[in-house]
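Worksheet: the structure to be examined is printed underneath.
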Amino acid sequence: MENVITIKAFEDNYIWLIKDSQSQHCIIVDPGDAAPVLTILEDQKLIVDAILLTHHHYDHIGGVDALLSARDEKISIYSKKKLFDRCRLVNESDTLSFFDGKLSLQVMEVPGHTLDHVAFYNDELLFCGDTLFSGGCGRVFEGSFEQMFKAVSRLALLPENTKVYCAHEYTQNNLIFAHQIEPKNKALLNYIQQVSKKRQQGQPTIPSTIGLEKEINPFLRCQQQTVINKLQSHLGKELNDPLSCFSALRQYKDNF
């Protein structure tokens, strides 16, 4: 089993460090800031094998150059777009193997937040950057609502116990909006209480799971009548399909 270590960065970013349980080798996901990563690498005497980049936004890649400068390892970088000279470009359904074959991660192209956005996953772990958050999803900056809807819908098809490692601690704010959409959702009400306790104690709310998100995340619930009814009431018009519902939901959240 691999250990996933949470590294906090900036105000609400999460950088993920995946450590091989049988060695000092590790992988880093979305290192927006090098300083907190280097601290852990030095404290635990870790060797970096690879850096995985979900997309090109600076708060996800800003620490790469400093990490490469500070470490002697021959670190491979994986991304959809050529962001650094050392990048190895990945595409849909590519399989990446690490730690002498003990860890495999597949690539899923999930454009919407950005056009180059990818997720890295297996049946147990999902590193989804800014595509899916706990209780929400990313803003659509470069893609279309249709692309984002397809992206989160594909993620929702992963096994329900898949742990969701997104890149930001947005959960509490997302749940305020989710409660606005489904105020009587019992699973959501329970989760709001759990998240409140964790945040009061300074604990992260991530990882979530796919199963939980399907119960509480309105962006994965666009076929639920409660969500449709709320949006139709808000807009004063009928929504005829899940994509229309998702698009209306994302626009509502953008101005919430």
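For all residues, glycine too, the Cβ spot is worked out from N, Cα and C.
Residues annotated as Zn(2+) 1 binding site in Swiss-Prot: HIS55, HIS57, HIS113, ASP130. Mapped onto three states, the DSSP output places ASP130 (Zn(2+) 1 binding site) in coil. Listed in sequence order, THR54, HIS55, HIS57, HIS60, HIS113, THR114, HIS117, GLY138, ARG139, CYS166, ALA167, HIS168 are the same-chain residues six or more apart from ASP130 (Zn(2+) 1 binding site) with CB atoms under 8 A from its CB.
Annotation source Swiss-Prot lists Zn(2+) 2 binding site at ASP59, HIS60, ASP130, HIS168. Under DSSP, HIS168 (Zn(2+) 2 binding site) is assigned to a strand (E or B) in the three-state scheme.
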Checklist entry - Within 8 Å of the Cβ centre of HIS55, HIS57, HIS113, ASP130, which other residues of the chain have their Cβ, at the recorded Zn(2+) 1 site? => result THR54, HIS56, HIS60, THR114, HIS117, GLY129, THR131, GLY138, PHE141, ALA167
Checklist entry - What other residues of this chain sit with their CB within 8 A of the center of the CB atoms of ASP59, HIS60, ASP130, HIS168, the recorded Zn(2+) 2 site? => result ASN13, ASP30, GLY32, THR54, HIS55, HIS57, GLY129, ALA167
